[in-house]
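So the structure is just underneath, and the comments pick up after that.
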Amino acid sequence: MPPLAERHAPGLLAALVALAYAGSWGGAFQYDDFKVIVDNPVVHSWAALSADFGHGLRPVLKLSYWFSWVTGGGSPLAFHAFNLAVHLGNVLLVWALARRIHGPDDAEAARAALLAGAIFALHPLQTEAVTYLCGRSTSLMSLFCLAALLCWDHYLAGRRLRDAVLAWLAFAAAAGTKEPALALPVVLLLWESLRRPGDGWRARLLRHAPFWLLPSAALLVAVPRTGYAEFAIASLTERPLWHNAMSQIHALVWLLRGLLLLRAPNFDPDLPVIDRAGAALFAEAGLLLALLGTGLAVARRRPWLGFCLAWVVLQFLPTNSLMPRLDVANDRQWYLPLAGVAWAAGGMLARWTASRAALAWPAAAALLLVLGLSTAQRNADYRSEIRLWQATLEQSPHKARAWNNYGVALRMAGRVPEARAAYARALELDPGFAAARQNLGLPPQLPSSSPPAAGMHIQ
């Protein structure tokens, strides 16, 4: 890539984001947006927010919600503007880090970085962390994590204390946005193994000591004073860890299918909790192990690919494999791991364009076109609650919660008979579904029926 074109890379990436997300500006508040933003007085005024500091969860995230709420007067438009700015920031950080992964500074490395940034910007799975407004927890955490990594790389190059302090502050902000950011010290060790392979592990651990202090302080100070302890206990008691491990094997294959565009994005996937291993589960586990083994074999010859693979694995561990979740998986879990995929794909495409340009460039352009059009199409689903739940039911037609929430959207639009039909369909699928029974004005099926789960829509 000529130097002039490389200087224009940030502008090109910004243009791609603007085009792919042009349809997101008219998006409505959706689902948990009402619980964490619209109906949450903590983020509506500075007095309420400041009173919550030191007691509630995710203070940096709440601060960002407050900023969007007061600047936009409660309009979703201000939230969309903020989320798009965060996504663009992440795209540029992925591009900047790719320039370091794929060095030295030559045309092939520049092409790899541009392609990596474009893939990260345009993949349709990213929409759930961008256009779904409370998906900001994932994208904003990612912004701070990527910024911390870039600042740390600057520190390694110049040994300026300012860069180390900025990296630590970005890490603290990431941890105050979403808990999986606490895995960043491991990522820094991984980064240094790629960028400074000659340094010993003892030297790296000493350099990273301030980063390990934050998780320790969180355990000793923040957890007892806030709701993090209850949050962790609720997660660990959601299901047995062995059942969670089996469920996550199936979920990882589902997530992989989404990455490869073998399924459409799904806002509320109907993924089972698996309590018994069968032939299908063993086949899925074998597939994942085969992919991992292939990746490790390739990584021995190309360390940068090994870094990309390890990045994906490490980013999924805190969010998908270790702690049970209320929902087994969702698309926005790909947001930060997809950076590793983008770095790897960008590097391989760039090498292909150098050797077989006549074939590689049309293939790369076609890939980006498909990704961009898929993202634009997906953003259209967020324009109304009804449209989003209709799209969800196309993917999860047998999920009672999706039918119930579709009914709530219909009722809010004044389409009461259709709403009642949707509630009835939810009860056909799950006769004990408390939220649908309540929406129909029916008593609980059994005295022991559990209350509606968090995030359930009740009219």
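Placement of Cβ uses the backbone N, Cα and C atoms for every residue, glycine included.
Where the annotation comes from TrEMBL, it is an automatic prediction and has not been curated.
According to TrEMBL, the features are:
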TRANSMEM  77-97  transmembrane segment
TRANSMEM  138-156  transmembrane segment
TRANSMEM  168-191  transmembrane segment
TRANSMEM  211-233  transmembrane segment
TRANSMEM  277-297  transmembrane segment
TRANSMEM  304-322  transmembrane segment
TRANSMEM  359-376  transmembrane segment
REPEAT    400-433  repeat 'TPR'
REGION    440-459  region 'Disordered'
Mean of the pLDDT scores, which run from 0 to 100, over the repeat 'TPR' (400-433): 94
Sequence-remote partners of the transmembrane segment (77-97) [C-beta within less than 8 Å, at least six residues beyond its ends]: 9-10, 13-14, 17, 21, 24-25, 27, 37, 64-65, 67-69, 71, 113-114, 116-117, 120-121, 126, 129-131, 133, 135-136, 139-140, 142-143, 146-147, 149-150, 153, 339, 342-343
Counts of helix, strand and coil residues, the repeat 'TPR' (400-433), according to DSSP: 27 helix, 0 strand, 7 coil
